[in-house]
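*Asks:* Below are the features I grabbed from Swiss-Prot:
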- Glu108: active site, proton acceptor (ACT_SITE)
- Thr33, Gly34, Ser35, Thr36, Asp86, Gly87, Ala88, Asp89, Lys99, Gly100, Gly101, Gly102, Lys126: substrate binding site (BINDING)
Amino acid sequence: MLTQQELKQQAADAALALIEPLLGPDVIIGVGTGSTADLFIDGLARYRDRLRGTVASSERSAARLAGHGITVLDLNDVTSMPVYVDGADEIDARLHMIKGGGGAQTREKIVASVADRYICIVDESKLVERLGSFPLPVEVIPMARQAVARALVALGGQPRLREGFTTDNGNIILDVAGLQIDDAPALELTVNNLPGVVTCGLFARPGADVALLATQNGIRRLERP
């Protein structure tokens, strides 16, 4: 039986195979953050001379890319990217996701918004019938912490400050358990509209375009309905 680490590697390798035909001297790839994205970055190193560069969704990923000699570009200097590749903490059959376990969801959303396609790479443990078992990360401007926490309680959540953590943007994370996520796009809009919220970890407006799900029987490919 494959370990979770081996499944993550399988998903990363599948993404590399999927993007290889797209590579070229003018191509820029968007790269996410997390343990599975790290494996994708490690594999991307062998293609570093076949693309113009990358845009990273976190300082962590930027450092890992640079460590492999892969060019990291500022998103402000990039007008288009064919793909953004990232993992997820949870994903459902509609390819809606919860992300932000690493606290990078704001930059992940920004980079993903510029890409033509979002490829999500996950192992089979991340596929769920309904989102919400994984607490929803919400990036919040520090002065709004209590006000946002009260609003999240009113929505049925149980927010907890992620102690000792500051985002790359200088903000805090509230991890919100107990939310009833029946309509992920609607909840994403509601939470993101709370004053003081930078963005939440729901990725449903839109979700991923393709999910490469690593299973004990190989890669299962899911497309957005």
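Cβ coordinates are placed from backbone N, Cα and C, and glycine is handled just like the others.
On a predicted model such as this, the values are computed, not experimentally measured, just so you know.
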*Asks:* Cα distance, the residue listed as 'active site, proton acceptor' to Ala88 (substrate binding site), nearest Å?
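*Replies:* Checking the Cα atoms of Ala88 (substrate binding site) and the residue listed as 'active site, proton acceptor' gives a distance of 11 Å.
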*Asks:* When you measure from the Cβ of Ser35 (substrate binding site), which residues in the chain that are at least 6 apart have a Cβ under 8 Å away?
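*Replies:* Correct list: Lys8, Gly87.
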*Asks:* Indicate whether Asp86 (substrate binding site) is helix, strand or coil by DSSP.
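*Replies:* For Asp86 (substrate binding site) - judged by DSSP and reduced to three states - the answer is strand.
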*Asks:* Other residues with Cβ within 8 Å of the Cβ centroid of Thr33, Gly34, Ser35, Thr36, Asp86, Gly87, Ala88, Asp89, Lys99, Gly100, Gly101, Gly102, Lys126 at the substrate site?
*Replies:* Gly32, Ala37
*Asks:* Quick one: among the binding-site residues Lys99, Lys126, which has the most Cβ atoms sitting within 10 Å of its own Cβ?
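*Replies:* In terms of Cβ crowding, the pick is Lys99.
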*Asks:* Given the recorded positions Asp86, Glu108, which one's Cβ is surrounded by the fewest other Cβ atoms within 10 Å?
*Replies:* Asp86
*Asks:* Just to verify a number: CA distance, Lys99 (substrate binding site) to Glu108 (active site, proton acceptor), in angstrom, no decimals.
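*Replies:* It is 9 Å, counting Cα to Cα.
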*Asks:* Any idea of the Cα spread of the substrate site, Thr33, Gly34, Ser35, Thr36, Asp86, Gly87, Ala88, Asp89, Lys99, Gly100, Gly101, Gly102, Lys126, as a max distance in Å?
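*Replies:* Between the outermost Cα atoms of Thr33, Gly34, Ser35, Thr36, Asp86, Gly87, Ala88, Asp89, Lys99, Gly100, Gly101, Gly102, Lys126, the distance is 16 Å.
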*Asks:* Whole-number answer please: how many Å between the C-alpha atoms of Asp86 (substrate binding site) and the residue listed as 'active site, proton acceptor'?
*Replies:* 8
